[in-house]
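K.L.:
Sharing the features that Swiss-Prot gives for it:
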type	residues	note
BINDING	SER10, PHE11, HIS18, GLY89, LEU90, ARG91, GLU99, TYR124, SER125, PHE126, ILE127, SER128, SER129, THR130	ATP binding site
BINDING	SER10, LYS42, THR74, ARG88	substrate binding site
SITE	HIS18	site 'Transition state stabilizer'
Amino acid sequence: MKHLAIYPGSFDPLTKGHLDILQRSLGLFDKVIIAIAVNSNKSTLFSIEERLGFIREVTKGMKGLEIDTFQGLTVDYCNKVGANSIIRGLRAVTDFDYEYAISLMNKKLAPNVETVFLMSSGEYSFISSTIVKEVARHGRDVSNQVPEIVSKALLKKLSQ
């Protein structure tokens, strides 16, 4: 049986913390789908096309990886593509409380889908897309927290 996992998120923007979780996930599963959530009720800095472009560029050459977008519930997307696992990265205990509650609901909705929690590597444990955007808005360098293509796009977008 193939083990297919999805790694869902808005990835607005993609961070080095996301990439850390992704690379480690690729060692655990036969295939991982980065599933970019499209939520019309959520305001994003980067369009879905921009986020897809960043992820495609940064993950070029990674084996066992697919990139897709989805709307609706994560477990419905899992069932649609035949995934049996959802990957979630955890930075701190506060992340766990929130993610654990969601994983319990997901289990009720789709008993066949497991949530796999991966702790962030220490050097990425403080990084979040929200914090990166806030720091960049104030003109500070975020190149240690995001891939180069994202850092350049942030500078360009926030200087407009």
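Here the Cβ of each residue, glycine as well, is placed from N, Cα and C on the backbone.
Distances, neighbours, how buried they are, the whole picture for these features please.
P.N.:
Using a 10 Å radius centred on the Cβ of ILE127 (ATP binding site) and all shown protein chains, the other Cβ atoms total 20.
Contacts of LYS42 (substrate binding site) defined by a Cβ separation under 8 A and a same-chain sequence distance of 6+ are given as SER10, in order along the sequence. According to its DSSP assignment, LYS42 (substrate binding site) is coil.
Sequence-distant neighbours of HIS18 (ATP binding site) (same chain, six or more apart, CB under 8 Å from its CB) are GLY9, PHE11, GLY89, listed in sequence order. According to its DSSP assignment, HIS18 (ATP binding site) is helical.
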K.L.:
I'm trying to understand the geometry here, so how far is the Cα atom of SER129 (ATP binding site) from the Cα atom of ARG88 (substrate binding site), in Å to the nearest whole number?
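P.N.:
If we compare the Cα positions of SER129 (ATP binding site) and ARG88 (substrate binding site), the gap is 15 Å.
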K.L.:
May I ask you to report the DSSP-based helix, strand or coil state of SER10 (ATP binding site)?
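P.N.:
Its secondary structure by DSSP: coil.
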K.L.:
List every residue in the same chain as LEU90 (ATP binding site), at least 6 positions away in sequence, whose Cβ is under 8 Å from its Cβ.
P.N.:
PHE96, GLU99, PHE117, LEU118, MET119, SER120
K.L.:
Need one number for the substrate-binding residues SER10, LYS42, THR74, ARG88: the maximum pairwise CA distance in Å, whole number please.
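P.N.:
Taking every pair of listed residues, the largest Cα separation comes to 20 Å.
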